[in-house]
Amino acid sequence: MVCVLIPATSANLGPGFDAVGMALSFYNEVSLGPSPKELEIEVFGDGAELISRDKNNLVYVAITKVFEKLGKTPRNLKLTLKNRVPLARGLGSSAAAIVGGLVAANAYLGNPLPSDELLRLATELEGHPDNVAPALLGGVVISGFDRDKVKYLKLPVPEVEVVVAIPRFQLKTADSRQILPAEIPFSRAVLNVNRVSFLIAAFCLKKYEYLQIGMEDYLHQPYRSQLIPGFYQVVEEAKNAGAYGVALSGSGPTVIALAKEGEAVGRVIKEAFLKFNVETEIIYTRPENRGAIDLINYKGEGDC
Ligand code: HSE
């Protein structure tokens, strides 16, 4: 039997739309072992009642990809999923499912596939690499396509606390992608290039005060914020409470703030959202430098 921990991820870090993602220190868990039945799937934790227990299960779909790639048929398997990453909130739940299935199946079969091949398969299943890359590899990852190949670079992990504010309502990526325009003004694109340059430099040089502008986005937040009551007020109040930078996590509705110390920022975000009748769960976490691959034999947080 194998057991894999897969970190939550925050994609679109600030202005890094579809390009920059960060792994976070809370995890889903995927266990894979033999079963006398053709297929057994147990699901526990966040959104368990919404997850299918048959061959449509996304973790199982990813497992079959690995088996098929190696010319094998998945048979007599027991899959146990313990979910901490909430569904459809912008924290990489589908990436965690895909990466969990791929890494677990690969480990079950003796690790024949290298990590680049797992990344390729994960990106094929998810459609874009910005969540699956940090879920698989850990840390802050810049990723993108070079024709049909996925290229990536890992950045130094920032020494910050991450405040994650999760509104109670779900937002499907497909819906919040539909709201984006086909074109934006040239001046906004220029501003975004400027901001993402500050983001990357702030991480590399550990000059986190530059995240005040380095986490600003002009590509997707102006549109997606319409689906998140109070978004810009929350950003403003969190910055006033000392956050280095604040942004939408993935396609939302979760908001993340990077801070030296998160507690006051988390309290202010919760209160600011409440003014707009949005209830949130606040998680205080940190960037996770280990991805699912490194966490496979980890004996720390989590039950594996
Ligand atoms: N880059 C993706 C988006 C992340 O914003 O649509 C969410 O899956």
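From the backbone N, Cα and C atoms, a Cβ is placed for every residue, glycine too.
Keep in mind that TrEMBL annotations are predicted by a computer and have not been checked by a curator.
According to TrEMBL, the features are:
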type    : residues                                                                    : note
DOMAIN  : 57-139                                                                      : domain 'GHMP kinase N-terminal'
BINDING : Pro86, Leu87, Ala88, Arg89, Gly90, Leu91, Gly92, Ser93, Ser94, Ala95, Ala96 : ATP binding site
DOMAIN  : 200-271                                                                     : domain 'GHMP kinase C-terminal'
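Sequence features annotated in TrEMBL and their locations in the structure.
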residue: Pro86; record: ATP binding site; Cβ contacts under 8 Å, 6 or more apart: Asp46, Gly47, Ser93, Ile166, Glu281
residue: Ala88; record: ATP binding site; Cβ contacts under 8 Å, 6 or more apart: Gln170, Leu171, Lys172, Thr173
residue: Gly90; record: ATP binding site; Cβ contacts under 8 Å, 6 or more apart: Ser10, Ala11, Leu171, Leu248, Ser249, Gly250, Ser251, Gly252, Pro253, Thr254
residue: Gly92; record: ATP binding site; Cβ contacts under 8 Å, 6 or more apart: Ala8, Thr9, Ser10, Ala11, Gly21, Val85, Asn131, Val132, Pro134, Ala135, Gly250
residue: Ser94; record: ATP binding site; Cβ contacts under 8 Å, 6 or more apart: Leu58, Glu126, Asn131, Thr173
residue: Ala96; record: ATP binding site; Cβ contacts under 8 Å, 6 or more apart: Ile6, Pro7, Ala8, Thr9, Tyr27, Asn28, Val85, Ala135
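The ATP site is set by Pro86, Leu87, Ala88, Arg89, Gly90, Leu91, Gly92, Ser93, Ser94, Ala95, Ala96; from the centre of their CB atoms, other residues of the chain with a CB within 8 Å are Ala8, Val85, Gly250. Classification of Ser94 (ATP binding site) by DSSP places it within a helix. DSSP places the residues of the domain 'GHMP kinase C-terminal' (200-271) in helix, strand and coil in these numbers: 39 helix, 9 strand, 24 coil.
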